[in-house]
Amino acid sequence: MLAVAVLAAGKGTRMKSALPKVLQPLAGATLVERVLASAANLQPDRRMLIVGHQADRVEEQLAAIGLLEFVLQQPQNGTGHAVQQLLPVLQGFEGELLVLNGDVPLLRAETIESLVNGHRESGADVTLLTARLEDPTGYGRVFVDADGKVSAIVEHRDCSEEQLSNNLTNAGIYCFNWQALAEVLPKLSTDNDQGELYLTDTVAMLPKAMHVEVADPDEVNGINNRKQLAQCEAVLQQRLRDHWMAEGVTFVDPGSCTLSENCCFGRDVVIEPQTHLRGSCRIGDNCRLGPGSLLENAELGSDVSVLHSVVREATVGNGVAIGPFAHLRPAADIADGCRIGNFVEVKKSQVGAGSKINHLSYIGDASLGENVNVGAGTITANYDGVRKHRTVIGDGSKTGANSVLVAPVTLGAKVTVGAGSTITKDVPDGALAIGRAKQLSKEGWADRPA
């Protein structure tokens, strides 16, 4: 059996944030959610999160994950003290305990699997994850004997000059035989500079300690401040871009674009500079996004272009052109072959196939049929100060420039609205609707007496 414990009790003082450190966002998910996801493929029998600082907030954020046990560490007195809180929780448990850190979010699933499998194959009491760092300053050094066993872990400040030349470091991630660990946990001492209980000290107490070296040291980067958060974001973003480039997506300027891990792309998608995708985006084949666009929880069909525009929680069909400077807001549903042009905003509306809203319009709480042509400056006046009302426009209708449709109102099929009209009443199929003051021209106005 396998139990996973994630250490998530720390304050994260150096983040200088009201948000607990483990809830800081990284490419669309919190740090601790990424850590939990990295171990999901192991299908652990128990998953425990050791919480402390703002425990209620952490539990509330993660409650939806399910099958997650929360263990309170109060006060927070070191990593060894955190794992001691599992003694009553895992009473009678037989198997391995995998200990992960809630602020180390770049671990790959295959690295964790390698650690657990290596531990099981070696029959060790503990197997720790190690990394060779170009600059190991500040890290504890791991020393290994000829048989591959860990002979010692020496903190940086205690290393001799010769020992400092060793760049094999302790990543602080462990796989234990739980029964062996449970015997030594009560023996931990606070006899150290910080007066805390260190989980690292258990390694020297256990008869057989082994290690597995991580291939990519970036995987064990911890996060203690905003700079390190940004560095990890950069690493993760590069991973995501590399993955999708291998799947047939073109990034014109990769470093200027950001993705969420929940994005999915078809083939031959081109992403122009300064384009950002957040949340769960689904992008079809042959789309061109950007430059300078933001998509969030958006679903696009194939052959869609988005130029200098924002698409949030909207659905877009095939062959649609969006922008420049358009804004599709939540619940906008744009059918195949539409054109959503310059400075157009669409909110909570359905736009039928082949319809065009080319310039300077607001379409809100509306339903447009197929092949509707919305003239420049057409506005659906949907709000009466208390409630929102719907506008319905039938197939093949067209509105002239600078028209106002005051909802609730329905225009039938093949209706024409004269330019500059304010329409307040329903219009039947095939009709011409004009709602504007009669033009009055007064001759000689410029020459009138002062």
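Each Cβ is built from the backbone N, Cα and C atoms, and glycine gets one as well.
Copied over from Swiss-Prot, here are the features:
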| type | residues | note |
| --- | --- | --- |
| REGION | 1-226 | region 'Pyrophosphorylase' |
| BINDING | 7-10, LYS21, GLN73, 78-79, GLY140, GLU155, ASN170, ASN224, ARG329, LYS347, TYR362, ASN373 | UDP-N-acetyl-alpha-D-glucosamine binding site |
| REGION | 227-247 | region 'Linker' |
| REGION | 248-450 | region 'N-acetyltransferase' |
| ACT_SITE | HIS359 | active site, proton acceptor |
| BINDING | ALA376, ASN382, TYR383, ALA419, ARG436 | acetyl-CoA binding site |
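Annotated features taken from Swiss-Prot, shown on the structure.
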residue	record	DSSP (3 states)
ALA9	UDP-N-acetyl-alpha-D-glucosamine binding site	coil
GLY78	UDP-N-acetyl-alpha-D-glucosamine binding site	coil
GLY140	UDP-N-acetyl-alpha-D-glucosamine binding site	coil
ASN170	UDP-N-acetyl-alpha-D-glucosamine binding site	strand
ARG329	UDP-N-acetyl-alpha-D-glucosamine binding site	coil
HIS359	active site, proton acceptor	strand
ASN382	acetyl-CoA binding site	coil
ALA419	acetyl-CoA binding site	coil
ARG436	acetyl-CoA binding site	coil
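A distance of 63 Å separates the Cα atom of GLY140 (UDP-N-acetyl-alpha-D-glucosamine binding site) from that of the residue listed as 'active site, proton acceptor'.
Separation of the C-alpha atoms of ALA376 (acetyl-CoA binding site) and ASN170 (UDP-N-acetyl-alpha-D-glucosamine binding site): 64 Å, rounded to the nearest whole number. Counted over all residue pairs in ALA376, ASN382, TYR383, ALA419, ARG436, the record's binders of acetyl-CoA, the longest Cα to Cα distance measures 22 angstrom. Break the region 'Linker' (227-247) down by DSSP state and the numbers are 20 helix, 0 strand, 1 coil.
Comparing local CB density within 10 A for the binding-site residues TYR362, TYR383, the maximum falls on TYR362. Using CA atoms as reference points, the binding-site residues LEU7, GLY78, TYR362 were checked against ARG436 (acetyl-CoA binding site), and the closest is TYR362. Cβ neighbour count for ALA419 (acetyl-CoA binding site): 15 (other Cβ atoms within 10 Å of its Cβ, all protein chains included). Cβ neighbour counts within 10 Å, taken over all protein chains shown, single out LYS21 as the most crowded of the recorded positions LYS21, ARG329, HIS359, ARG436. The separation of ASN382 (acetyl-CoA binding site) from ALA9 (UDP-N-acetyl-alpha-D-glucosamine binding site), Cα to Cα, is 49 Å. Nearest Cα neighbour of TYR383 (acetyl-CoA binding site) among the listed recorded positions (LEU7, LYS21, ARG329, HIS359): ARG329. On the 0 to 100 pLDDT scale, the region 'N-acetyltransferase' (248-450) averages 98 in this prediction. In sequence order, THR190, GLN194, GLU196, LEU197, TYR198, LEU199 constitute the residues six or more apart from GLY78 (UDP-N-acetyl-alpha-D-glucosamine binding site) in its chain with CB-CB distances below 8 Å. LEU7 (UDP-N-acetyl-alpha-D-glucosamine binding site) has ASN382 as its nearest neighbour among the recorded positions HIS359, ASN382, ALA419, going by CA to CA distance.
Neighbour counts of Cβ atoms within 10 Å were compared across the binding-site residues LEU7, ALA9, ALA376; the minimum falls on ALA376. Between the C-alpha atoms of the residue listed as 'active site, proton acceptor' and ALA419 (acetyl-CoA binding site), the distance comes to 14 Å.
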